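Copied over from Swiss-Prot:
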- ASN84: N-linked glycosylation site (CARBOHYD)
- ASN90: N-linked glycosylation site (CARBOHYD)
- ASN210: N-linked glycosylation site (CARBOHYD)
- ASN387: N-linked glycosylation site (CARBOHYD)
- 1-6: topological domain 'Cytoplasmic' (TOPO_DOM)
- 27-397: topological domain 'Lumenal' (TOPO_DOM)
- 7-26: transmembrane segment (TRANSMEM)
Amino acid sequence: MSLWKKTLYKSVCLALALLVAVTVFQRSVTPGQFLQDPLPPTPGPAKTGNLVNPNSFWKSSKDVAAPTPTVPRGPQVWDVITTNCSININLTHQPWFQSLEPHFRQFLAYRHCRYFPMLLNHPEKCAGDVYMLVVVKSVITQHDRREVIRQTWGHEWESAGLGRGAVRTLFLLGTASKQEERTHYQQLLAYEDRLYADILQWDFLDSFFNLTLKEIHFLKWLDIYCPNVPFVFKGDDDVFVNPTNLLEFLSDRQPQENLFVGDVLKHARPIRKKDNKYYIPAVMYGKATYPPYAGGGGFLMSGSLARQLHHACDTLELFPIDDVFLGMCLEVLGVKPTGHEGFKTFGISRVRSSRMNKEPCFYRAMLVVHKLLPAELLAMWDLVHSNLTCSVKFQVL
């Protein structure tokens, strides 16, 4: 039976099991066991301190990274246990604030709320010898994407080869954005996590602007529970990843390097058109360009740099575009992200209808390709791992 048929069968079985689970949970569990009262429009406990307001492919030449500075350890457990976030009253009466769109007013009014309690945690993922942590941003409703990733590129390895340790996978989630659906989806997620034990979840709403929260929460979690992991791959739940190529790329890399590799955008300008998803008002960011940043659903970094990023990000005000925010954090450290042709932000070809975007020989050579639907990912994974004969060998290592 082919992989996609097996996955379809498993998904059907899991769906039936979830329906049964919901019935059981609804009879035996109160909603409060999984969620606190609904959060304010946007997130968490206030962060104190002085914050800065920021107004051949694979083996190609690489920068020699400076030695990683010593970073003091933070708390040894997740130390945020309550949600106590109130609106920033000082902003609400400012004329410039009132002129903004509602979602920007909400973001700014609660931007000081940085960290939230954990609902699901798996520190055991970093027990033993772990070489690379694969971390996937997801949302509570996208079970099908998580299931396909577990069956394909997110499958865990006990050894990365060449004497290296294990490869472990985690999914990062907030809570359901619609209050009326929250209890239902939380019960389903609890059941999913009992099956797979691979979900990190925090008590903030999953939304586009809260993706930045997901970044800083993971960096804090990594610093607490996984401080010695050599490398981290972080991606979205709609990308194709070739883990074999990732590991080959890392084969001559050192964990002490300030490594941050992806599809890097340089001299990107803030978008000022209000109908664009990535629109940013000038009052929120007045500079002509963003710092260099890696976009497009996936990047690779050393664990030592991730720890530095955690502390660097804590010196900045939150920014609503997560990729750009990480670029700002890198700028604080004086680290420039490295561009790599094996990371494809907009598909292998920017022309969506191009045959190249459906050519498995290209996917076999890449590290990360964005973006694919679950069925497309399954089909491409099967093709790439079949007895595929390519007329031209693409050298990307």
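Placed from the backbone N, Cα and C atoms, the Cβ positions cover glycine too.
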If you compare CA-to-CA distances from ASN387 (N-linked glycosylation site) to each of the glycosylation sites ASN84, ASN90, ASN210, which comes out shortest? ASN210
I'm trying to understand the geometry here, so how far is the Cα atom of ASN210 (N-linked glycosylation site) from the Cα atom of ASN84 (N-linked glycosylation site), in Å to the nearest whole number? 17
Three-class DSSP assignment, ASN387 (N-linked glycosylation site), comes back as coil
Helix, strand or coil at ASN90 (N-linked glycosylation site) [DSSP, three-state]: helix
State the Cα to Cα distance, in Å, between ASN90 (N-linked glycosylation site) and ASN84 (N-linked glycosylation site), rounded to an integer. 18
As a test of reading the model: what is the averaged pLDDT for the topological domain 'Lumenal' (27-397)? 87
Could you work out which of the glycosylation sites (ASN84, ASN90, ASN210, ASN387) has its C-beta surrounded by the smallest number of other C-beta atoms within 10 A? ASN387
